[in-house]
Amino acid sequence: MPERITLYTAKICPFAQRAEIALAEAKAEFTPFQIDLSNKPEWYAPKVNPASKVPAIAYGGPEVPPDQPSPESVKLAESLVLVEFVADLFPNSGILSSDPVTRAQTRFFIEGVSSKLIPAWYAYFLRGASVDDLYTAAEYVQSLLPAEGFAVGKFSAADIAIAPFLARARVSLVNEIGKYPEGDGKKVWAALTSGKFARLGKYAEDLFARESFSSTFDEDYVTKAFSARFADLRSK
Ligand SMILES: N[C@@H](CCC(=O)N[C@@H](CS)C(=O)NCC(=O)O)C(=O)O
């Protein structure tokens, strides 16, 4: 029986949503605590995560208010570590297959998302780099997908790793929020989800329809938060 779990999270953050999706898939009981990233509580870094980032988990220890973390709980951080931790705590969640080959394929997909897609997305979104690198990374990810279904067949950690980023890319692009030229966003999202990227588009649809995704994604909040945080990128 897993011990008490407190998740320190923030709705805007794609990394934090990974941990939330994993916990939702596992149907885990946990206490969520929102960290305001623009005004982090002074206790957060010293008592929860020295890197001062979300997500983080306090595991075990006595029952305490989340804003008074106990030194007796174990503190864990890094979204992909937390996803695997939840998979280990809840082996029946299906987050990580028990089959060694499928586990390796899951991690291989995550590696591609981490080393190719996410850097290409941030370069385009935050720095206005060439969209071609984003298309190349998207082509690579699409090439890993099976003809239908999720990244390694059944829903897994691979899908958890990518879904929050695709969702925020959609929010950014359809609302033209980012450093790239205004007017390109909607076109780029359409390009990434149709024509030669039709398979990626169907995959994104399947991800967004998953209950563990939709119940952990507040699109209205993320849209407003993105507008507030990134609206002036083009003028810089
Ligand atoms: N590698 C980390 C990245 C986490 C991360 O960068 N989180 C951001 C929010 S999306 C954060 O907490 N940044 C600290 C800040 O904004 O002060 C992970 O996978 O968990």
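Along the chain as shown, residues are numbered 1 onward.
Placed from the backbone N, Cα and C atoms, the Cβ positions cover glycine too.
Here the structure is a predicted model, which means the values were calculated and not measured.
Quick look at what TrEMBL lists:
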BINDING   Cys13, Lys40, Val54, Ser79  glutathione binding site
DOMAIN    3-94  domain 'GST N-terminal'
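Within 10 Å of the C-beta of Val54 (glutathione binding site) there are 26 other C-beta atoms, taking all protein chains into account. Its own atom aside, the Cβ of Ser79 (glutathione binding site) has 23 Cβ atoms within 10 angstroms in the protein chains shown. Sequence-distant neighbours of Lys40 (glutathione binding site) (same chain, 6+ apart, CB under 8 A from its CB) are Ser52. Residue counts for the domain 'GST N-terminal' (3-94) by DSSP state, with H, G and I taken as helix and E and B as strand, are 30 helix, 17 strand, 45 coil.
Mean pLDDT of the predicted structure over the domain 'GST N-terminal' (3-94): 98.
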